[in-house]
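These notes concern the structure reproduced below.
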Amino acid sequence: MPALRFLALLASLLATSRVGLATLADIVGGRRAQPQEFPFLASIQKQGRPFCAGALVHPRFVLTAASCFRGKNSGSASVVLGAYDLRQQEQSRQTFSIRSISQNGYDPRQNLNDVLLLQLDREARLTPSVALVPLPPQNATVEAGTNCQVAGWGTQRLRRLFSRFPRVLNVTVTSNPCLPRDMCIGVFSRRGRISQGDRGTPLVCNGLAQGVASFLRRRFRRSSGFFTRVALFRNWIDSVLNNPPA
């Protein structure tokens, strides 16, 4: 992975407003995660190659970004739970096909409502390596000073290879201002940043999945990572989980 670097990362939880160009997101810098540290983390793959991440929120559902499947056929994708070393066929792994996808008005032109639920072909077996992540209540906010984490197997920036092990970035919510009409929170990290490779991975604050990695924006030599604000979609998520597609 690239050397650790100092830089401010403005990670925004979006609900409305038009924002900049969308790209993938991955963890650059940070540290290597420990085994079973993020048992809810899902690797979304096509032909064995990761292209997005997500979080297990129900034994049959993974929460990720709708932009992950823009122009992609979900029938050719798979979801891997319980993975740690992507180069090994670990006994902890559980691999699923996707039975259905549920969106909530995703608008790719304006990057709105970039959230998606993947229904797995069967229930995941919960183990120390496969667990559910709790979600925040509807309309909940994250206060400045809150410590959060982002984890994933994002690409190594120089060689464009996916990380063998998940990387984790510790961030702290700040009171940095956002652009007009943006609904966001800022986070600051001295150990890395989000760049390309892990769209859909969760932003976890106090044990709750508060955000879903959506896209990046570069402005004034700074990279701002934007996360869909999960709390704005909690009621919709519950409606899908309680009434799954047939």
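Keep in mind that glycine also has a Cβ here, set from the backbone N, Cα and C atoms.
Residue environment of Cys52 (disulfide bond) contains 29 other Cβ atoms, counted within 10 Å of its Cβ in all protein chains. The feature disulfide bond is assigned by Swiss-Prot to Cys52-Cys68 (among others), with experimental evidence given as support.
According to DSSP, Cys148 (disulfide bond) is assigned to a strand segment. A sphere of 10 angstroms centred on the C-beta of Cys148 (disulfide bond) encloses 23 other C-beta atoms. Here Swiss-Prot flags Cys148-Cys205 (among others) as disulfide bond.
Feature annotation from Swiss-Prot assigns disulfide bond to Cys178-Cys184 (among others); the stated evidence is experimental evidence.
If you look up Swiss-Prot, you'll see 27-242 marked as domain 'Peptidase S1', on the strength of sequence analysis.
Its own atom aside, the Cβ of Asn139 (N-linked glycosylation site) has 11 Cβ atoms within 10 angstroms in the protein chains shown. Residues annotated as N-linked glycosylation site in Swiss-Prot, with experimental evidence given as evidence: Asn139 (among others).
Annotated N-linked glycosylation site per Swiss-Prot: Asn170 (among others), in sequence order. The Cβ of Asn170 (N-linked glycosylation site) has 15 other Cβ atoms within 10 Å, all protein chains considered. Taken residue by residue with DSSP, Asn170 (N-linked glycosylation site) is part of a strand.
Residues or ranges marked as signal peptide in Swiss-Prot: 1-19.
Recorded residues Asn139 (N-linked glycosylation site) and Cys205 (disulfide bond) have their alpha carbons 15 Å apart, per Cα-Cα distance. Under the DSSP three-state reduction, Asn139 (N-linked glycosylation site) is assigned to coil, being neither helix nor strand. Looking at Cys68 (disulfide bond) and Cys148 (disulfide bond), their Cα atoms lie 23 Å from each other. Counting only the Cα atoms, the space from Asn170 (N-linked glycosylation site) to Cys52 (disulfide bond) is about 20 angstrom. According to its DSSP assignment, Cys68 (disulfide bond) is helical. If you take every residue in the domain 'Peptidase S1' (27-242) and average the pLDDT, you get 83.
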